[in-house]
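Enquirer: The transmembrane segment annotation in TrEMBL covers B:30-52, B:73-94, B:106-125, B:132-151, B:183-203, B:233-253, B:265-296, B:308-329.
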Amino acid sequence: MSALAEILFGGLFQGSLYAMMAVGLALVWTTIGVFNFSHGVFMMLGAYIAWQLVELGLPAAVAFPVAVVVMAGVGWILQASVVRPLIGRPNIVLVVVITTLAAGSLIENGALTIWGPRSKQIPALIAGNTTIGGVGVSLHQIAIIVITPLILAALWMFLNRTRLGLALRAVAQNEDASHLVGLNVTALYGLAFAIAASLAGLAGIFMGGYRFMSPVMGSDPLLKALIVVVFGGISSISGPIFAAYLIGFFEAACSYYFGLYWTPALLFGVLILTLMVRPEGIFASRSRGLA
Amino acid sequence: MTDTTSPMTLSHAEAATPIAPGRTPWKHEAIGFVLGFALLALLPLIFGDTYARHILIMAFIYAIVASNWDLSLGYGGVFNFGHLALFGIGVYAYSLLTKLAAFDPWVALFASGVIATLAAILVTIPILRLKGIYIILVTFGFAQLVMQVIISQSAITGGTQGLVRIPGLYVFDHNMVRDGKSAYFYIALALLVASTLFLRVFVRSRAGASIVALRDNEEYAISRGVSIVRQRMLTLAASAFFTGIAGAFYAAYQRNASIDVFGMSLATIILSMVLLGGTSTIYGAIIASFVLTIFAEWMADFGAWRPMITAVLIIGVMLAYPSGLVGMIKASWGALAGRLKRPA
């Protein structure tokens, strides 16, 4: 019983974090057609900004939303400076990899210079612990498990039920036609990056609440988000969400039965096999489009 | 060195045909090649101290890795993000062969190149059907898989601790330690010459033309009888051999191996060398390796600011000169030549 509860809980918790990260990556990929390698750094920066605001004396309820909004601005600026000028170039996919990696390195080292290498922690969403099914869990983790699906549902509503969200999906499906019907494609590109960055920032705040933060804290989640996105199919929002939880459970089960060392190797093995059989991802339809 | 070699043009239409008029005649290139590397061979006369030579040796190793990456990434258009894993495989193959199997260092050096080539063929199998971003992800996954296997097999590989006291190379009875690194300098240079010669001959050959054709117009190339399976395997395998040897040399030179070679930071540095130099030139990657390595040393006083300055410069060059340093050199050379011609 306790084994099952542990895997279930671990899977839900990790899956929530992966989903928050992967959705942003998928959003940027579908709208702009590039991979944002500074996504992990967004996560780190969100956490550090939140920490700084709390340190300045703001209550967490104010500091966290402010940090998320600031991250949206950071995403917009990054898009305008290192992605937008390259749009239309033949080798954009490759060049954006290097410019976003370089921008990530800039932000990471900037954070290291400003905040130093010492580990920090931000307050949990809800303090305290409890026991469910024989497994001790913190209320912070339960809060994450509950909040994440709500945020993802809100994102889904935004993409499917609002004019702006529909415009974003239109750009993802057909950029030329979007230009023709008068959509501001440049602004929508910025919006995709802004949403992705604020989701990553929120994931960083979640993570900073239960684990020590460091300037390199984003690199491992970025890697996991990449796997999730490949696994679930790059061309949708729902695919990566399902895949995030699936991989969360897979990891929880693996580390329970095979140990922590073998989990990443097994995960990458499964990933490569998936791509050999279904290159477009297991949950993907064959067309490129959002939601 | 740069103006004598005048690398071939970046234009895809011209690059696709082996005897297009815009290409540098092979005689000109041979003269530039010999002159350029002869200049490099004279450098120890100027730089007597061990530290300067160490920097040059590291630049040579990076140049081999970056220029071989340019073969698969630039010419082949295969977004192989596992290239550094091939380097890492070279490092660990050499270390384990010499330490555990007591191979002769030179035999182990060559064997590491072969093992890296086999690994490259293995990684080609899952990406044969894939395109673009998916290739990035699978090869990235492959690199992580290799790293995780090395970490988990810590009884043999040393895991995250790495390996130390790896046997170095030898040249007869020559003392490799007390010669101011000149033996290692010339071995590294010889490897770079061999690798560059191999790469340039390869890209100028029919096989080289066919992989460029696959990159630029896959359907047409296939319809003209170019096999994507065979050529993609050939590209990856060809780019792996000297990469593996460079890894082995790195292990022999440093006398230790660690999983840092699989890390993102090294991959980012080498990738910026390839892109900063300008893809599909081979020489561009080599020039950028020298520029970046020496630049990084030159800025050592800036401490924490160094990676930030480097990042800003990389972004700046990529935004201003999409074809990299080679494009920048060509543009300024063209402007200079135009100015010199005008008065006449």
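Just so it is clear, glycine is given a Cβ too, placed from its N, Cα and C backbone atoms.
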Enquirer: If we skip the immediate neighbours and take only residues 6+ beyond the ends of the transmembrane segment (B:73-94), which ones have a Cβ under 8 Å from one of its Cβ atoms?
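Expert: The answer is 65, 105, 108-109, 111-113, 115-116, 119-120, 123, 127, 132-133, 135-136, 139-140, 142-143, 146-147, 150, 157, 163, 166, 203, 208, 211-212, 214-216, 232, 235-236, 239-240, 243-252, 257, 259, 261-262, 266-267, 270, 274, 279-281, 285.
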Enquirer: Any chance the transmembrane segment (B:265-296) and the transmembrane segment (B:183-203) are in contact, meaning at least three CB pairs closer than 8 A with a sequence separation of 6+?
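Expert: The transmembrane segment (B:183-203) and the transmembrane segment (B:265-296): touching, yes.
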Enquirer: What stretch in B:106-125, B:132-151, B:308-329 has the biggest tally of Cβ pairs under 8 Å against the transmembrane segment (B:233-253)?
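Expert: Ranked by Cβ pairs under 8 Å, first place goes to B:106-125.
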